[in-house]
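To start, the structure under review is shown below, and the notes come after it.
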């Protein structure tokens, strides 16, 4: 039983780490491409900024979904019922 709980905690930690890493890489690429495109065509900066914020919200959703799944596995572990 303790092995299942330990493996679940480790798995949830890895899930959160990869979600945070993916979100950070996504924000870095998004910011770099936004600055590059704004420097190339300054008249489109306001339109690009709106689209950038929409994509940034979707990138944040990845981390929030990972938090939700991790909390599900930690507090309402579906694998403990398989042991009985």
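Any Cβ shown, glycine's included, is placed from N, Cα and C.
Taken from Swiss-Prot, the feature transmembrane segment covers 9-29 (among others).
Counting only same-chain residues 6+ beyond the ends of the transmembrane segment (54-74), those with a CB under 8 A from a CB of the stretch are 8-9, 11-13, 15-16, 18-20, 22-23, 26-27, 30. Per Swiss-Prot, the feature transmembrane segment maps to 54-74 (among others); the stated evidence is sequence analysis.
Taking the Cβ of residue 60 (site 'Reversibly protonated during proton transport') as centre and 10 Å as the limit, one finds 13 other Cβ atoms among all the protein chains shown. Taken from Swiss-Prot, the feature site 'Reversibly protonated during proton transport' applies to 60, supported by sequence analysis.
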Note to self: Taking DSSP as the reference, which of helix, strand or coil describes residue 60 (site 'Reversibly protonated during proton transport')?
What the structure shows: helix
